[in-house]
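**Q** This is the structure I want to talk about, given as structure tokens.
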């Protein structure tokens, strides 16, 4: 029993610590990529090419004073960042990085992830209410409405994948897409693929869906009153969720750790590449897409975001799920 606890704790640390480092350097990549897109240089002072900038940014945040607003609910004010941070990292417990390399290979892995990503909104809403600030409250209410609107579309997209794969286990979904690129689900489930990723951008409150913390309207939204390490927890949760959406999109629609050259003549050339490399390469594409979209599109109005979710994404995903269910039932399509 003790050995199991120690092994599990070690595995958790092997996931969480590298993930936090990736999050730190994802912020560096964001500033660099957007800088180049806007014909700027980006961070280049701290260390060679600015590579130490994330480390010093983290030190700056964690050394700052934690200020508690007057008349705020002190207990809820302190617990809200933890409620946002913990689910964002707990969701990684069921992510397989390669065959057998997973902390907990659940049969209901997708359901667990959906529950964890939905739970993060409680931290945001509590932060908005406990801060005793109208701007925080407005941001929290916007976040709640946005999550409800786009969680449904994401849920329907996941249902389509589950129907196609015949499994809610993440490993089962990846194995169902083995056999080369033509077996990946982004082809037959293309509308669900597009909707899932866009809904993931909205779910993480990233541009152009960042009305939750729209600077020109509500300053910084739900975390306007947070400083130091408490603000850093919200920051770490947001970027961890972005990476989670990227890796889930790779797993559900691009075959996960499967090589695109399976069952082709090129497999003999690329067969030596480990599955984890393919998974990280696909994930990196979507991580870049988050940054590209932010640098390209202006912020949508709140009514436009609601209209897109309720009038376009939800009906589209619902109809496509019905089509997928009928095709699976009739045995149509080479992907199943």
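Keep in mind that glycine also has a Cβ here, set from the backbone N, Cα and C atoms.
From Swiss-Prot, here are the annotated features:
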TRANSMEM  4-24  transmembrane segment
TRANSMEM  75-95  transmembrane segment
TRANSMEM  108-128  transmembrane segment
TRANSMEM  154-174  transmembrane segment
TRANSMEM  181-201  transmembrane segment
TRANSMEM  233-253  transmembrane segment
TRANSMEM  272-292  transmembrane segment
TRANSMEM  308-328  transmembrane segment
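Describe the structural context of these features.
**A** Here the transmembrane segment (108-128) has long-range neighbours at 76-77, 79-85, 87-88, 90-91, 93-94, 136-141, 143-144, 147, 151, 154-155, 158, 161-162, 168-171, 173, 203, 212, 221-223, 226, 234, 237, 241, 244, 248, meaning same-chain residues at least 6 beyond its ends whose C-beta is under 8 angstroms from one of its own.
Here the transmembrane segment (154-174) has long-range neighbours at 94-96, 99, 102, 105-111, 114, 185, 188-189, 192-193, 195-196, 199-200, 203, 251-253, 255-258, 314, 317-318, 320-321, 324-325, 328, 335-336, meaning same-chain residues at least 6 beyond its ends whose C-beta is under 8 angstroms from one of its own.
Under 8 Å from some Cβ of the transmembrane segment (272-292) lie the Cβ atoms of residues 26, 29-30, 33-34, 37, 97-99, 101, 197, 201, 204, 206, 242-243, 245-247, 249-251, 254-260, all in the same chain and six or more residues away from its ends.
Through the fold, the transmembrane segment (308-328) approaches residues 146, 149-150, 152-153, 156-157, 159-160, 163-164, 188-189, 191-192, 195, 198-199, 202, 300, 336 of its own chain, all at least 6 residues removed from its boundaries and within a Cβ separation under 8 Å.
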**Q** So what's near the transmembrane segment (233-253) in sequence-distant terms, Cβ-Cβ under 8 Å and 6+ beyond its ends?
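**A** Apart from its flanks, the transmembrane segment (233-253) reaches 19-20, 22-23, 26-27, 61, 81-82, 84-85, 87-89, 91-92, 95-96, 113, 117, 120, 123, 127, 158, 161, 170, 173-174, 184-186, 189, 192-193, 196-197, 200-201, 203-206, 222-223, 226, 279, 282-287, 289-290.
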**Q** So if I exclude everything within five residues of the ends of the transmembrane segment (75-95), which remaining residues of that chain have a CB under 8 angstroms from its CBs? That is, six or more out.
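**A** For the transmembrane segment (75-95), the list is 12, 15-16, 19, 68-69, 102-106, 109, 112-113, 116-117, 119-120, 122-124, 126-127, 129-131, 170, 225-226, 230-231, 233-234, 236-238, 240-241, 244, 247-248, 251.
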**Q** May I ask for the residues of the chain that lie six or more residues beyond the transmembrane segment (181-201) and have a Cβ under 8 Å from a Cβ within it?
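**A** For the transmembrane segment (181-201), the sequence-distant neighbours (Cβ-Cβ under 8 Å, at least 6 residues beyond its ends) are 150-151, 153-154, 156-158, 160-161, 164-165, 208-209, 245, 248-249, 252-255, 258, 260-261, 286, 289-290, 293, 309, 313, 316-317, 320-321, 324, 327, 333-335.
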**Q** Please indicate, using numbers and ranges, the residues of the same chain that are 6 or more beyond the transmembrane segment (4-24) and have a C-beta under 8 Å from a C-beta there.
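**A** Residues 54-55, 57-58, 89, 92-93, 103, 236, 239-240, 243.
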